[in-house]
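Beneath this line is the structure, given in structure tokens, with notes to follow.
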Amino acid sequence: MSSSNLFKPIPLGRKVLQHKVVLSPMTRFRADNDGVPLSYVKSYYGQRASIRGTLLITEAVAICPRAKGFSNCPGIWHQDQIAAWKEVVDEVHSKGSVIWLQLWATGRASDADTLKESGFHLESSSDVPVAPGEPVPRPLSEDEIESYIRDYVTGAINAVQGAGFDGIEIHGANGFLVDQFLQASCNTRADQWGGSIENRSRFGLEITRRVVDAVGKDRVGVKLSPWSTFQGMGTMDDLVAQFEHFISRLREMDIAYIHLVNTRWLEEEEPGIKTHPDVDNQTFVRMWGNKTPILLAGGYDADSARRLVDETYSDQNNIMVVFGRHYISNPDLPFRLRLGIPLQKYNRDTFYIPFSDEGYLDYPFCQEFLDQQDVDQVVVAA
């Protein structure tokens with residue numbers, strides 16, 4: 001596997017990565033009650049940065065208090081949060097790796113009680129609940145939409161200029177606020193923010209445009225999940241046309257990358273479930289072309305990741321593979337993948353334990369990795 005294109009260097013933004021294995025953004029609930037990352041969060045990311053030239057994307061990070069729909073998730077709107085994230089960034093950079101922060105607003109997918117405790121209401125593009133019987137969100141006003149856009153810009157500036165992140169990823173996937181505007185299954189507005197493909201795209205595109213203006217196009221990526229039905233998404237009739245329009249406009253902005261989530265893993269975990277024939281996003285991958293990197297996520301393992309870059313997209317040199325659960329349990333994942341070393345099994349029960357380092361810092365590096373040289377000197381590029 002060491003000769004795979006998975007282990008060839010690739011430029012992304014202002015850096016050159018040494019391989020194409022990416023740490024997925026994954027919520028872990030390791031922030032305090034004020035949204036400040038706990039002291040050992042820097043060790044978690046530092047462990048996974050130990051192979052030089054690795055791209056890490058942080059867990060979803062709330063852009064403002066009203067965007068933080070769950071307890072013990074981190075934010076990026078006040079100085080204590082920025083300072084804690086700077087420690088994380090410094091740790092990752094000391095290992096020779098690269099880290100981007102994911103900007104997040106939860107919208108109707110929030111825990112309503114958590115918002116209420118903080119003095120906020122459940123809100124979204126429209127008054128459509130995430131599922132039948134769930135709390136009904138309040139549609140955002142024009143002024144509130146503008147406020148959210150400004151908060152995304154401030155979050156990007158805080159991340160890049162304040163904490164020193166190499167870039168930011170706008171979370172437009174998985175049924176959170178940007179997705180709630182993008183898809184007609186949620187967005188029933190009849191103003192400039194809904195009612196047509198162009199109008200439903202406006203919120204996410206305006207966020208992206210203004211963030212690009214604030215921090216630079218080579219420091220901005222966008223994550224989308226076109227086929228996901230998670231949190232009430234993926235059921236609109238013109239889904240392909242909607243995402244073709246949105247992605248084509250992102251491409252025109254020449255952003256650093258696009259991050260696409262497929263739902264192939266659902267077929268494995270939920271036998272009998274029906275997924276779209278293009279669940280692997282080939283339509284959108286081909287549409288993006290070789291312009292800038294394409295990050296693909298969706299339950300990949302060593303074999304399927306290799307096939308993706310070496311066979312499915314052998315004619316494109318910009319495909320990167322995003323790993324989530326396997327990266328939780330294997331902090332040296334790129335090293336293991338290149339040498340064919342068996343992966344450690346993850347423990348789902350420890351994924352989301354607030355104020356605990358169990359299942360967070362205690363997965364060991366493989367002995368081969370430790371024997372090779374000091375962990376901060378390891379490079380896996382072929």
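Here, residue 1 is simply the first one shown, and the rest follow in order.
For all residues, glycine too, the Cβ spot is worked out from N, Cα and C.
There are 26 other CB atoms within 10 A of the CB of His171 (substrate binding site), with all protein chains counted. Look at Swiss-Prot and you will find Pro25, Met26, Thr27, Ala60, Gln102, His171, Lys223, Gly299, Gly324, Arg325 tagged as FMN binding site, backed by similarity to another entry.
Summarising the annotation, Swiss-Prot assigns substrate binding site to His171, Asn174, Tyr352. Neighbours of Asn174 (substrate binding site), defined as other CB atoms within 10 A of its CB across all chains, total 18. Under the DSSP three-state reduction, Asn174 (substrate binding site) is assigned to coil, being neither helix nor strand.
Proximity to Asn174 (substrate binding site), judged by a C-alpha distance within 10 Å, picks out Lys223 from the binding-site residues Pro25, Thr27, Gln102, Lys223, Gly324. Set side by side, the binding-site residues Thr27, Gln102 differ in how many other CB atoms lie within 10 angstroms of their CB, and the most is found at Gln102. The binding residues for substrate are recorded as His171, Asn174, Tyr352; their greatest pairwise CA distance is 20 Å. Over all protein chains present, the Cβ of Pro25 (FMN binding site) has 23 other Cβ atoms lying within 10 Å. For the recorded site, Gly324 (FMN binding site), the DSSP three-state label reads coil. A distance of 5 Å separates the Cα atom of Lys223 (FMN binding site) from that of His171 (substrate binding site).
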